[in-house]
Every structure is written in structure tokens, then in C-alpha cells.
Amino acid sequence: MAAVKVINHTPFVPRLPKDVPLPPSPAESTKPPPPVKKKTRKSKAREKEKEKITESVQEKKHGVQVNEKEKEKDKHDVSEREPLKPLTWTSLTDSNSNSNPPIFTKDGSHFFSIVGERIKIHSTSSGKVVSTLPGPQDDGHKDIITSAILSAHNAFQLITVSLDGTIKIWDFLEGILLLTINLDQPIHHVCAHEKIKDYVFVATAKAKKKGSSDADGAEQPKPTRPTKASSDESCIILRVSLKPQNPASGAKWHKSSQVTPVGKTRYTAGLAVSASGEWLIAVAGHKAYVAQVSALKSGFTKYVSPEALTCLAVHPLEDYFATGDAKGVVRLWYCLNQGRPNVANVEKRSQTSMLHWHAHAISSLAFTTNGAYLLSGGEEAVLVIWQLHSGKREFVARVGSPIKSVVVSCGSAAEEEYLLGLADASFAFVSSATLKLSRVFSRIKLDSVTSSAWASSSSTTPLAVHSLSSTLVLPSSHPSSLQTYSPSSSVLVAELEVSPSNRVSRQEEKMLEPSRVERVVISSSGEWMATIDRREGDESFRGEIYLKIWWWDKKTAFWILNTRVDRPHGLEKVTSMSFNPSDDIQLVTTGEDRNVKTWRIRSTKDKKGNVEVSWTSRSSFGFRAEMPRDSAWSPDGSLLAVALDSSVALYDSISNALYFTIVCSGCEKISSLHFIGQHGQYIAVLGGANLVVCDIVKRSVRWHRRNSQPYVTLVPHPYQDTFATIHHLPSHTNNGLTVYSVSSSTPLLSQMLPFGIRNLVWYPSLSGSVLSQTFSLVGITHAFGVVLLGHDISITDGAGSSSKALRKGLAVPKRSLFEEMFGVPALTDVPHNAVPAAIDTTLPWKSSETGRVFDAPAYLMPPMESLFESLICGFLKLRTKEDVGEECQSGVQDTVVDIPAEPVDTEEPAFVEMVKVSNDVILETFVPFFKDIADSPDYLSHTNRQASSTLSTTPASQPAKPLPRTIASQKANPPASSKKQASTPSIPTKAGKKRSRHSLG
């Protein structure tokens, strides 16, 4: 009898009759079941083959191919590995920066900048963010803030409007929200006037309401708004009362007690009230809309412009306004005193005057506080100062980036300043006295609009990490420059102009092709950096491409150009570039000319024996007629891997001998490859939607995965056998992030990112360890923002990352007339006009390098006042108390001169605080000083000579003028101070002469 194998045996349990189910209905066929046959070796082999076939079919459905021998090992490794947590991310750049003009406080000590859904409060003196609205205890705007103004009746309140349809009033001193008024319509502009109390004018977009509620305090509805403002969108101008309907309800938001429609316009480019408060002005499209505030029901009077209007500014003293248009023309409109027409909503023409210099559209206009000058700025990156009564103009050129906004500081400072909001998220202050840049505040200089236009023809975005300084090397606002940014301190360290170029953006409507930096790579030691900058040719200009190698100067902490190679691969593009991580450093480049070139360091000596280091070509080779698209070095630098069309070739780093090739049959065009892990046993290859992991020891493909969407980039973990990939998603706006291990094609982590990635590199985390499996990445998004991704993100957003109460009295005090003439008083140890100390990022002068500063031509050198302080500090060393104590201990004693002590009044202190000293006291203190000068013999003799000459030249008919009474009285009765000065002993000087203690010399 054959043995029966029992599977899943359970003990027998007797059942009761009620638990026995009814028998099923009989089937049509009552054939007995086939007998159980004993499994033979052939049947077992057939079953295994069937299982393999089904597994391979399932793997092909999922796009995965894995070697069978390592399948059990892979499952074991995956089960032992801990699952990774999703990566968090933070943005290092601000969205929509400088798209709205900043707002100064009344005293000019701070200014507000709109950043997305937040308001940042900056210090005018240092540029640092001191506070942010809203605070954690308040509900801020749910959408982008479009405009903000100071309250016309309370200088410590800020009014903001947003696309979420709300008006919010803030107390920015305490950092709290006071009131929220909901209009249920997206708001684009807001304006107010001190003569119109408790009312503001807003420009709202026409949008349909969804689920609006009449009861205050209900859940705030989300209005439907257009995703992007366009010139075809229409707006409605409303006068809104800031008094809520039911203020005692205690709700989070309220309805306005009164909303008065004024008229309908196209999408508004500006909204303002005239200086007298009698006229409301709006510009939209090709028209300027004017309405009388006292008769808003009459609607707007339209004045036609020949070009589309882009900005608006009203005169601070008189009733006229200025507009800028798309052709760069500034027009002054004198139409506010013509009287209101009898018929509403009519089109008229007005008397205007025209000012024209700009070649492109004007972005912003602003009048000075006295109304004598008009400021204009635009795409040319030039600030133009117009003198209105004469039509003359002055220029502040090369401010660094296109000007988005111009604001005049109206604080109590002695000197008026102009604040420029630049397109690269920088703020630049211009002195009105010198018409030069006084200071510039910036974090990361990236212009999303300009960079996207320039990057449309370039497939690569440069990005690298410098290990010695822990900084990022990023593209700057102009494609021919690079910038160095420190994420730990949130400071822009330096900007490097790789390719000197003209900053003119375009001629007419055609964009000029600039020289752009396409690739940047830094050696593992941090001592060398290589860049590729290229400029496309056209009918009249031949294309250029340069390989530049830079050396890191540790003394100056800056990159210095060492070697330039013209056309390293002819006129063809360079497809990849990387440094050898070993001590015998090499640089490899691959190009579309189908060549692989290596470069090495060459040392030469000049006649004086000085060693000069430069880079030269080492070798050039290729693989058949295939194009190399990427290259990578093994972790120890012994192997060079080159990505070809559908295979990977491995070469010896010293002899360039070909070891072997690994064919990736499922990957037709390989775009990138990387060594994985510290030992470099595996290579990960990307090509379209294919991901292949190869084992170079076994010279075979370990596994292959086909994704539904193409891959963008791959970043290996420097210490573990894992790597992260970025791939496209069907939405085309977001990307997906996936983490794999070389042991399995099953992802360890898969998540969606709310942005697209252009380039991604590994960023060493300060808290990371060698054994850690966490990731730390930095990337550049499609909108040219810089984001930091990882498991342990700890980046300081500055002092103003949260809302804080501002201290009153931080404004820079205005200098008196006496201080303007004679300087600040020196009667206190507290510095006058003190500002919060900022971190000095300037580099100190080295004594050995000081002499070389003056070798440059005079017209190329900076002004001496900018070099004096740092230059003198390089020569002189500040003596501290410790230095004096060491000299005394070493036996060095100063020569002591016995001087009789003067009587000192001990009832009053020698120095008092500045807050306790008035200007009258300061003047009374200097009265004896001037009396001493007036009583001196030289002054008296000079005065007598002037008097005698006056007597001799006086006509006989006129009596002689007597001496001043004060001088005559002083000659008869000398003051006590002069007697004291006569009895004061003198101190011998080095030259042997005697000098009075009260003398000026």
C-alpha cells in the first residue's frame, strides 16, 4: 500500500448533528476522482519548469529580470534591511521673490518683502530677516499674497491681500493678526489714503463663488481663481470698508460692512490714490482709469495709451501720475484736473509728456519724496533717475539683474536711499547722494524666468558640492556665472564669472545667445574644479567651447583660473566630465566627437626656480565608432567605466587598457552610469525607462528593471550599496523618487515629489555617519529653486524664521545740523547711529599680499575709502589687555612721565550716556574750546590785521566799524579757561618740541 503524505493535519473534533451542513446538490457527472499518483522525478522537473515560466512571466509583466541563483539571497537581504522613512525636503530659495515691491516702515528702519504666502521683515541696515508673518499662533493666507500696504492711520499696522480673497490687518510690532475680511474673490491690488478713513480700494478678479456662507465664522470657502493671471482677465475695483459686519462674533474672518463697486477694468497693472486723495487711478491694458472718490457711482473715465501699460506711480505732492509701458516709454498724465465728464465710462485723451530711454518694458516707477525726480527700472538692469523739470537723466548701471521694483525710503535717515528689488531675489540699496550701490542683500541668486529661457536649449544644469568649505556651487542668475552658497549659514559666499560676457539680454524681441556654464565638477580633495562653458554659433559668429580648470586658494578662499583648454573635443559638446578620486589625480572628459580624453597635472620651473602647475592632455582613445555618453571612476580610482550606446566598457586608469565590456541588451541608449558602494563592485546604469545593475566581478547583469516613465538621474549612497533615482511622472510637473539596493530590484522607498528635478547630487550631512543608511541630497528644480532632501534635514532659515515682536526705537536717528557740520559727538563710548552687528564675510588682508594691491591700473581699482579700513588692519595689530599684561611680565616697562594731576570734579562723571546728553549740552561743552581759540595770540593778531585793513579801506564818509564786543571783552577780561591753559604744564614730544595738552596737534 502506498504511503500517503498528510499536509496541514488537524485533530479530529466530533460535531453535533445541528452543526452538520446539508449535502450539496448532485452534479451532472458522478465520475470518481482520479487516484493520487506518486510523483516521479520527471513530474517534479516539469513542475519546476512550469514554476520558472510563471515567475519569469510575472517578472516580465513588472519589468524586472533577476538572476535565479541570487534570488534566495536577495530575499534574505531585503528581509534583513530596515525600511526607509520617506524623505523630507526644504527649499533654500524663496518663491515669487521681488515680484511685488517691498514696503518700508515709517521710520525706514525695516522693510517688508512678500514671499509666497508669507511676509518677511528685513532690517534696512543689515538686510537680515528679523521676523516673519504670520506667526505660529495665527492663520495666514492660504494662497499667494499679491499686495501689501501700511495702514494710512496706524503706522504700525500692515494690510495684506491675497488670491485667497481675504484682507488681513497685522500688528507687525507684536507679530499678531488683528482682523480678517473675506471677499470671496481673488484680490490683485490694494491702496488707501489718509483722507479716506477705514476704507481701502482693491482690484478683484471676476470669479464664481463656490459654497459661500453668509454666517460669520463658518468654514472659509475657497474661491475659484485662474491659475495664472493674464492680460485678458477682467477685474472689478471695489471700495471696501475695514469695519466688519459683526465684530463681536469672535469669528476668524468677517464680512465687510460695506462694499461699493467702482467699475470694471482689464487685469490691473497698478492701483493708487492721488496725493490729494480726490482721485482713484488704475492702469490696465492700453487704458488709464480715473474715478473721483467723492462720486464713485459715476464710474471711471478712460484715457487711452498707444501701448500696453505695465506700471503706475502717483506724484507725492501734486495731482498727476506717471505710467510705464511695454515699449519702455514713461508718460506723465495731467488729466486729474480736467473735470469729470457728464457721461460715465467714456474714453478721452489727455495731455501727456513723454520720457524715453528704456529699450524694453518698464517694470517699476517711483517718485522721490520731494517729487522732483522720477525713478524707472526694467529688464536692462539700469536704474534711470529723471529730473522732471529739465528732462535730464542719470544712470545707475549694472545693478546685477533685471529690476523688478523700485522703492524710495521715506524714513528719518539723513540720506535718501532707493531700494531695488532684483529679479534674482536680491535687494540693492542705491545712495541718492553718490548714485552708487551702497549695499546688496541676497541669498541664492536665481531668476526662474530668465534661467528657464536660457536653459531651454541646454539639457544640463551645473551643480556640485565643495567639501573643503561645505558650500554648494550653483548656477547664478546669469548663465555665464557660478555662485557659492553655504546652506549651514544661509549666506551667499561668492560669485564667480566663468565666462566674461555682456549682460544685455536681448536685442528687440530676439534673445541673445549668451555663453553658459554647462558642467561643473569638483575633485574629491576639493582642490580642483573643472567647468565647461559654451556658446552656440550662428551665421555671423562661430561657436565657442572651453574647458577651464580652477584651483582653490585657501588663503583667499576663492577659485583661481589655472588652465584653459579651447575646444577640448572640437566644436562638439562635452557629454561628461569627472575627476579621479585617487592621489594620482586625473580628469576624464567624453564628447560627441566619440573620443575619451584624460588630462593630468604638469609641473614646470621658471628661471627663478618657482614651480608652476598646469593641466595638459594625457591620452585620447575611443571604442569602435560608438559615442561615449558618460564616465565614472571606481572608488579607489583604478577603473574607468565609460557608458557607450548599449554597453559599459571598463578601462585601466593607468594604461587605458580595455578590461572587458558588459552588454546591457535591454538598455539601448545609456545616459548615465555610477559605481555603487564603497568597494565599487556594482555599476548602476540608466537609459530611458531602463535601470540595470551590473556586477563587474562576475561580469554580468545582476538585475534589470523597466519603469513606466523615463528616469532623470541617479545618485549613489557614498557608504552603502544603495542608490536613489528620479523618474518622470505622467503629470510632467512632478517627479518620483525611488531608493534601490543592489541586492534586489524591489524598491526600498518610493515617494512622489511636488516638483521636478533638473539635477541632483549628494550633500554630506553633518549628523550622518558611515554606517547610516539615511540619504542627504540637494537638487535644482524645474523652476530653478534649490531644495534639500533627506532624512535628517536641519537648515537654519535665519533669525526670522518665526514671528517675533519688533523692538521700537531701532531706527537710525537723524543727524542734527551740528553733526552734519562737525561729525558725530565723541562724548560717550556708545557708538552713534549704532546698528546690529552683522557677520563680516570679508576676507582679511594678508601682510605679504598688501603690496600687490596697488599693482593694478588706477582706473581698475576700487575707491580708496572701501580699502582703507581693511588695508590698515592688515598692517596694524590691535593690542589687547592680554598683550599688555605679557609685556609687563616680560620686563618691558613704558616710560612714565610725572605729570601733575589736574583738579577733577568728582561730583559729575567724566562720561555720560548719550541718551542723557542733549544738543544744547554738547554746544555748551564746546563753547570754552572756541573761546580758547578766539583768545589765542595768533587769532587776535589776525583779527586786528583784518580790523586795521578794514579801517584803512573804509571811506571817509563812513565811520570805522568797531571790533566785535565779544573779542573786546575777552581782551580786557580773559576767561578762566585761558588762565588754566597758561598754567598747564607741557608734555615733551619725540622731536624735542613742547606741545600743550589742549592743543589740536
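Cβ atoms are placed via backbone N, Cα and C, with glycine included.
The region 'Disordered' annotation in TrEMBL covers 1-102 (among others).
For 20-35, the entry in TrEMBL reads compositional bias 'Pro residues'.
Taken from TrEMBL, the feature compositional bias 'Basic residues' applies to 36-45 (among others).
Among the features that TrEMBL reports, compositional bias 'Basic and acidic residues' is placed at 46-84.
Secondary structure of the compositional bias 'Polar residues' (88-102) per DSSP (helix as H, G, I; strand as E, B; remaining residues coil): 0 helix, 4 strand, 11 coil. The feature compositional bias 'Polar residues' is assigned by TrEMBL to 88-102 (among others).
Residues or ranges marked as repeat 'WD' in TrEMBL: 138-180 (among others). Mapped onto DSSP helix, strand and coil, the repeat 'WD' (138-180) counts 0 helix, 23 strand, 20 coil.
Among the features that TrEMBL reports, region 'Disordered' is placed at 211-232 (among others).
Tertiary proximity for the repeat 'WD' (355-396) is limited to same-chain residues at least six positions away from its ends with a CB under 8 Å from its CB atoms, namely 101, 310-318, 322-332, 402-408, 410, 416, 418, 420-422, 430, 432, 435-437, 503-506. Per TrEMBL, repeat 'WD' is recorded for 355-396 (among others).
According to TrEMBL, the feature domain 'WD repeat-containing protein 75 second beta-propeller' maps to 465-751.
Beyond the ends of the repeat 'WD' (574-609), by six or more residues, the same chain brings 518-519, 521-525, 528, 530, 532, 545, 547, 549, 565, 568, 615-623, 625-633, 635-638, 640, 642-643, 653, 656 to within a C-beta distance below 8 angstroms of the stretch. Residues or ranges marked as repeat 'WD' by TrEMBL: 574-609 (among others).
For 944-957 (among others), the entry in TrEMBL reads compositional bias 'Polar residues'.
What TrEMBL records for 944-1001 (among others) is region 'Disordered'.
The feature compositional bias 'Polar residues' is assigned by TrEMBL to 967-987 (among others).
According to TrEMBL, the compositional bias 'Basic residues' annotation covers 991-1001 (among others).
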Residues of the repeat 'WD' (574-609) by DSSP state, where helix covers H, G and I: 0 helix, 21 strand, 15 coil
Tertiary contacts of the compositional bias 'Polar residues' (88-102), as residues 6+ beyond its ends and Cβ separation under 8 Å: 111-116, 122, 144-148, 364, 404-407, 419, 421-423, 425-427, 443-444, 446, 485, 487, 490, 753, 783-791, 793, 795
Stretch-averaged pLDDT - the repeat 'WD' (574-609): 93
Helix, strand and coil totals (DSSP H, G, I; E, B; other) for the repeat 'WD' (355-396): 0 helix, 23 strand, 19 coil
